[in-house]
Every structure is written in C-alpha cells, then in structure tokens.
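I have placed the structure first, in the form of structure tokens, so that the comments after it can refer back to it.
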Amino acid sequence: MAPVIEMRGIQKHFGAVHALRDVNFTLGPGEILGLVGDNSAGKSTLMKVMTGAYARDGGDVLVDGAPTQFRSPQESRDRGIEMIYQDFALCGNMDVGQNIFLGRWPRRFGLFVDRPRMYAEANAVLKRLKVDVNSVFQKVESLSGGRQQSVAIARAISFNPRVVIFDEPTANLSVMATERLLETMAELKRQGVAQVIISHRLTDIFEVGDRVMVLKRGENVGDRYVKHTTEREVLELIVSGAPETALTADEALAKAA
Amino acid sequence: MTSVASATPAAGRPASLPLQLAGGWEVGILVFMAALYGVGVFINPGFFGSTDAISSVLRDTARYGVMAVGMTFVIVNKELDLSVGSILGLVATVFSILYAPSHLDLGAGWATFGAVLTGLTIGLINGVLVTRLKVPAFIATLTMLFIGRGFVLGLTGGKTVAYERKAAADGWFFGWGETNAFGFNSQILIFAVVALLGALALAKTRMGFETYAVGDNEQAASYAGIPTRWVRMRAYLLSALGATLAGLMIVAQDKGITSQYGGGAELVVIAAVIVGGASIAGGRGRVVGACLGAALVVLIDKVLREGIPITREIDVGGIKMEVQAYAQLPPGAVPAFLGLILLGAVLIEPWAIKGGGAARVWALLRRRAAPPAADRGEAAIVGAQTRGAGSDARGVGATGLRAFLARRDAAAILLTVGLWLVGLWLRPDFWGSLDNSFNLLLAFTEIALVSVGLTFVLANADVDLSVGSVLALSGAIAAFLMKELGADPAVAVLCALAGGTLCGVVNGLLTVRFGLPAFVATLGTFYIARGLGAWLVAGRQLSGFSESFNLMGRNLFEVLAWAGAAPSSGLMLAVAKAVSVQTIFLGVVALVAGVVLARTVWGQMIYAVGGNERAARYAGIDTRAVRFWSLVFSALCASAAGVIYVAYYRSFNPSAGQLRELDGIAAVIIGGGSIFGGFGSVLGSLAGAAAITLIRSLLSLQLILADGSSFVMPQHWMNVFIGLVLIGAVVGDIWIRQENILARLVRRRSGVS
C-alpha cells in the first residue's frame, strides 16, 4: 500500500547540534506506528518537521507521494495531519464544545458564533469517538486529565484527519484512562486514521501498535513489525542499535523468515 | 549566570572573562554618565558647572540608590515593587507626625522606631500578598502604592509638617542629612555602606545565590530545597527597608515633609535597577549596576528638571529689553521622560540581547548575513498546562440561588444591590432621590467606560495600567486644542481620541511585538501619557470651552434646548432630563462590546487567548492581533472617557483620571474577570463598575448623626479604601473563584470531624 506520509533523508540542525541525520520515515494508511527512542533521540523533532512546526534543513516530506513544504502546523492540518500535544493545548476557561471548535467556531451571519450548531456537532464528534464526557457545556478545567485528553482527541478528530500524532499520550494518565485511550486508538484505526505514538512506554505500543520505529541520536536504527518482534528486541535497538546495522521492518521480516 | 553577560555577547562574539569581571555594562553607564554631565554643563553651565551640582546629584543618588539596592533583590527575583515611593513618603510622614511638636512631639528615637515599623509592615504585607496569597506582584504593590499615598494624604491632611527648631536639638539623627566634617553629605556615606553590604550579600553569600536561583527558575530552586517563598518575602522586606532608610534620610535632610514626598520614586528606582543591567525576566542584575543606574537616572532627572537659561526679548513701551529666563519643563512632565527611559531599559534585554536585535544591526553594519532571529518556540511541545482547577464545575446542574451564586458576576450584582441599600439606610432622605441617582449615573459613566475596555484586556490575560493616564492625555489634547489653538470641537474630539488610541497602539506594539509583559509596557505609558498631558496644558487647569462641545457632558434636555426642540412637559421632559449624552454613549459602547465579547468569533478568540495562549496559537488564532486590538480598544474607551470628562466638568484638570486604573481593574474583577485572564463579561464589568461607583459615593456621603451634627469622611482617605477594595477583589477571585480554596477548607474541616 502506498504510504500516507513518507519522509526521506531529513536533516535538522540546532546551531551546532545535528538533531536529525538522514532520517527516513513512512506511515501507511490506518497504521499505528510507535516512535520510540531515548531522550533527545529526535522523536519530537522529527514530528515537528513533519507538521511544519520546524523548518527542515534537508530532505523531503511527501504526503500521498507529493512533496510538501509546510511552513506551520496549520498548513499540515489542512492536509489532514493532526497533533495532540502532551499537555493537550486546551483552554481551561472554555467549555468542551468551544474547545473542540477552538479557532474555527461555526459562524452565523459571518460574525456571530453559531452556538446550536457548535454544540450539536461537538456532541456528534464525541459520539463518534465513543468517549464519555458528560456534557459539551462543561468547562474543560473541571475535567480530569484523561477526559481533557478525550476532548483534545475529539478536537483532532473533528478535522477529519488522516494522520494523528500523539505526543507521550499516556505520560500523565491513570491506568484506567490509559486503557480508555488505547480503546480510542483502536476505534480510530477502525475508521482508517493512521496514528503515530511518541512514547517511552513500550507496553502501550505493543498493545495497539502495528509497527515500531526506533531513533537514536537523530538517526534511524531500524523498525520492526510489532507482531514479529519482542519488547526485548526493541529495547536492544534503543540502547545499542546502530544506523549501520539498521533494518527496515520488511527487511527484518525477510531475514527472520 | 549571575553577572551581567550583556554587552559583549550581544555583539556576536564570545565575552572575554576579564571584561565581564570588570563589568562592561557598568563601564558603559559611567561613560554615558560622563557624557550626559557634559551635556548638562553645556546647556546650563550656571548649575552643572558648580561643585554644588555634583554634590546635589550625589546626595539625591544616595536616597534613590539605597532604594535601588533593595529593589535589585526584588527584580532579580522576577518581581516588582511599585510601592517604594509610597513607603518612603509614609515613613517620612509617620516620623514627622510622631516627632513634630505640632503633632505627637515624641523623641527622635521613638519616631525612628515607629517609622521603621511602618516601612517593614508594608514590606511584610507586600510579601504576604505576593507569596502567600498569590496576588501578582505588580497588582499587589501598585495597590500598596495607592494605599500608602492615601495614608500620607490622610495623616497629613495634605499639609506640610516642619520641625526645624526642634530638630536642632537632635543632631545625632538629623546630622545624617547634613554635610559632615569631611565636606560631603553624610547620606552619601550611608549609601556607600548600604551598597557595599547589598553587593556583598547578592554576589557573595548564599542569600544572593538563592535569589538568583529563584529568579531564574523558581520551580528548580524549590526542588533544590530553597525556601522560595521566604526568599521572595525577604526581597520585599529588603526593598521596604531600603525605602524606609531613604525616608529617614529625607526627613533628616529636610526636617519636615510635604504630602508629595516620594511621588514617582518607584519609577526612578525601577528604571535605575533595569538600566543597571537587571532583567525584568528575572535571574539577572547586580547591586553595583543598580547603584550606577540610580546615579544615571537621577542625573537625567536633574538635567530635565533644571531649566535651560535663555534670553528672551520683550517689548516694554517701545523699548526692547533683554530678559534672562529659564525654559523649564512644566511640573508633571518629567515622568514622561522617565517612563521612556524605563521602557527603553526594559527593551534592552529582550530585544537587543535575547532577540538578537543588536547582533542583527551589528551584522548589517558590517555587511554580513544577519544571524537568524531566535527560534520563538512557536510550537514547542512542552509548555503551559491547561489552566484552572475546577472552579466552574459548581455551576453545572445547579438551580435557583445556587446557580446564581455560581455565576462569576454574582458578587458584583449582590454588592451593587447591597451597597445601594446601605446608602438608602444611611440617608433615606437623599439617597433615593432623582438628583442623587443621576449623579451616581454620571459618576458611573467614567468608571464603566474604562471598565468595558479593560474587560477585553483582562480577558486576554493582559492588563492595562495606563487607562487613567490615557484618559488624562485625551482630555488634555481636547482642552489644549480648543483653548490654545482655537480648534473646532469636532477636530479636538477626533484628535483626542486619536492621541489616546495611539497610546493603546504603543502598548500593543510593546506587548505583542517586543514581548514585554503588558503590565510593564502599560506602566511605561502610565507615566508617559500623564506626563505628556501635564506638559500640554503646562500643569494648569483649562476651562471655558464652546458650549457645543460641553453638550457631550449634558443631559438630553439641554441638548434639545440647544437645538431649539426642548420638550415642555410630561414624560418626554422627565426622560430628557434624566438621560444624558454620556449615558447613551456608554450604553451604545457597552452594548456593542458586550455582543462582540459574548456572541462573536472575535470574543471567543479573546477568551481562548486568555485561557491558554499557546493552545489558541496552535488553533490558528492570531493571538498577537487579538491582544493588540484589545489594548487599542481599552485605550480608545479611556480616551472617550477623557473627552467626556472635559465636557462634563467644562474644564480639564491634569489630575483627571487618577486612580481610574484601580477602579477599572477592580470593577472587572468584581464583575467576574480574573487577573489571570480568560474570564469576564461586559455585563459583569458594568455591575462591578456600579459597585465601585457606589463605594466611592458612599464614602463621600454626608452622614447625619443622631445628635444632628453631620460627618463627612475626608476625601484623603478615599485612596485607601479603593485600594483595599481592589486587593480584596483580586484575593477573592484567586482564592474563591479560581482555586475554590474556601470550599476546600470547609470540606476538609467537615471531613476531619
């Protein structure tokens, strides 16, 4: 299947630091990809290059095979790429409906906010996501962390994205909330949304992920299909992988066979 | 990073250590000071050429320098103490009241004791408000500034207190204000000792290191086991101590006081510390720099205040005569320049150093490729948390009274009704009368207009401290144009609105373009606008404008009468007499603003920016535009209030709009706004403004006592009450609405028992 997103030979410098070195990345439609690696491996940087939050110094980003030059996350959003930030980036003083439509509240007469439509659509999005947020009129600051994340996801979903990037989604969640989140991810996958999970917790990735990609000091050190690998093997890649011996998931599969 | 790593890295090459140790920044100040003194000598050789000038500059520097030493600790802590001028004034006042034969006539020792106690108490209150009650430093200390001023006026009754004869007997105290045996003023000696102790404490002791750590990263400092709250509290105490010392120095020198002592001193002191290399963003600054900064700012102040000798030719009965005269800035204009210096100094750090502005200019000069602008971290993944802690969950599902109490503007509505009833209870004969009601409505207009503008700014999590000054500037422009230039009223009104709005544009640019905190930017305009206004009218009161202009401050009856269409009787007459032009204007502005804020996309954007600016930015909202236009709108409202002020009073007084920023901020917060942004509604702010109006009018109500005598609270005490109301509103908002701490305490109590 043709990948939704492909990145080739990405280079990124921060002053003297070479943050990304010739990194390749692919994401298939409906695929859940775990992006793992140590701190400062370049996971977040790679995703920010993808969404246009950072300008790359070299390489190509292709969406549906066509090269792109995103200059801001808004531009990548227009092409169906959504990112859910670790702290959810919501306005606590506003209610759930207002947050789901943050910055693009439906208009009436070009100037006013169409409240009935906003809340009706917000309800519809929450239903589609199958999350339990009591009321679209509730202020976000009165919700628990897990529920706030649900709102953030609902917001992302309401754009009808093809790709959703989760930045450390389980870092601040309770066990229960994590379970719910993983269910939500599986639901999104059923709806054909490709997902990238940046995470330290391999357990979560092994539960819902299809493939796991390992970065180390800004370089590819290989990726594997979750079905055909073990947490142990991925940990070894994280700790002692090297770009010279990197295998793609398909190569690793062929080698094992 | 304790030293002033400023000048050299800005030029784009690595700083060499020896130059840094020598203090490149401090050397720069010294060079600049020498040049400035040269200018002073050039324009006014009569004054600056003499040795008296040097010793007078040094003597004044001594007092400001002592305050700057304390202030350095506060600013390095990433905070601000606006109350130092007030503390100086109050300390001097308390000393004088205790000491003066005309008042309590105590000994100098007791007077000193009382004065020190006063100063430290204010420092303690500042510290408690900021560190314990979590009130933002600028709002806490600004309120203390006005409360302190109120006390000074209340205690002295606005009069001068002098005790020269008695002072002659207490040489051990008053000698410190005199020239000593070595031929220089002893205050300079005090300054030198304080500066040395302060410099050692900040640069060489644990206490100083703790201060730098807290200023740079309070969380890290607290994880490292530093008692951060005590460190911040200590800074406020030191700052108050410096101001106390300065207050004692000034009474020792002058052996008397006026109620004006210490006015605007906070501006000089803060400017001094920042010119001296400290950063408003905390973690940077040195005592030596602050002292040199104090000398520089005092010198600038002197150069500005001393006139330029000019020769004017006048014609007396056909005979030309040459007259020696002084071209001087009118009183009140100097703060305009000091405000400019403050803003300039504050901009050095974020623009020239961190933003790489100086490096870019330098590269341009050498015709090299400019280094890229610093990454602003537009979409950094880590960042602010979604704010708030469950304050509004209470309202969900509640009905009746509970639902009402959960409304954020409930306090304002209850307060308005309650205060009005109190007025009725105190003066049943007068309070309910039409006369009084109309007067209330008129007083309400000014506060309400300012509050409507401030609602937008506060909802954005910014603040506009300049509204009162902008009101004065706009009024001054209108009065000046009509009186001095004979301009048409329409032109005058347009120019006044434009001038006031320009202040908002400056506020907006400084805030969103240069990234200054809004309270710093608007604090600058607070002084600049009032100074410019005073300059325009030369500090005088102007009156006698054309009646067509004054109609803007009249009721409909007078307008219709002027147009020759006065209703003669019946309901129309009553309505026309009751409704004034300004009330209608306010109604229109409030209606439009209320609809925009509550119902339009723009209003939603304002709340989003105030709730979580970063989230709003990710959502594609142009947060800079939103904040910019809110500040402009606030200035526009204030300038409209200024025009109405002139029309209503038929005259302009340079003190117009004083304290309006406090009234406005208090009104918005009582009405449901939050000093941290994201909340507030126009309706709530109007209710809040009504509450403030009622408080003001109750305080000036003439009470008829049981024995038939009447009592009016002296006007001088008004500031104190308004300040207390503001602090009460802010603390109440933080502790009840935002954190719901009271409810939590109650719950914990009942949970334990």
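The chain as shown is numbered from 1 upward.
Glycine too: its Cβ is placed from the backbone N, Cα and C atoms.
Per TrEMBL, the features are as follows:
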- B:27-49: transmembrane segment (TRANSMEM)
- B:82-100: transmembrane segment (TRANSMEM)
- B:107-129: transmembrane segment (TRANSMEM)
- B:135-156: transmembrane segment (TRANSMEM)
- B:182-203: transmembrane segment (TRANSMEM)
- B:264-281: transmembrane segment (TRANSMEM)
- B:465-482: transmembrane segment (TRANSMEM)
- B:489-510: transmembrane segment (TRANSMEM)
- B:516-538: transmembrane segment (TRANSMEM)
- B:584-607: transmembrane segment (TRANSMEM)
- B:628-648: transmembrane segment (TRANSMEM)
- B:716-736: transmembrane segment (TRANSMEM)
_Tertiary contacts of the transmembrane segment (B:107-129), as residues 6+ beyond its ends and Cβ separation under 8 Å_ = 81, 83, 86-87, 90-92, 94-96, 98-99, 135, 140-141, 144, 148, 170, 172-174, 232-241, 243-244, 247-248, 727, 731
_Interface present between the transmembrane segment (B:27-49) and the transmembrane segment (B:628-648) (three or more C-beta pairs under 8 A)_ = no
_Same-chain residues near the transmembrane segment (B:516-538), Cβ under 8 Å, at least 6 residues beyond its ends_ = 80, 82, 136, 138-139, 264, 267, 280, 329-340, 342-343, 346-347, 350, 457, 462-466, 468-470, 472-473, 475-477, 479-480, 500, 503, 506-507, 510, 627, 631, 652, 654, 656, 661
*the transmembrane segment (B:82-100): which same-chain residues, six or more beyond its ends, come within Cβ distance under 8 Å?*
63, 67, 70-71, 106-108, 110-112, 114-116, 118-119, 122-123, 126, 138, 141-142, 144-149, 151-152, 155-156, 161-163, 166, 239-240, 242-244, 246-248, 250-251, 256-257, 259-267, 269-270, 523
_Remote residues contacting the transmembrane segment (B:135-156) - C-beta distance under 8 A, at least 6 residues beyond either end_ = 74, 79-83, 85-87, 89-90, 93-94, 96-97, 122, 125-126, 129, 257-259, 261-263, 266, 463, 465, 519, 523, 659, 662, 665, 675, 714, 716-724, 726-727, 730-731, 734
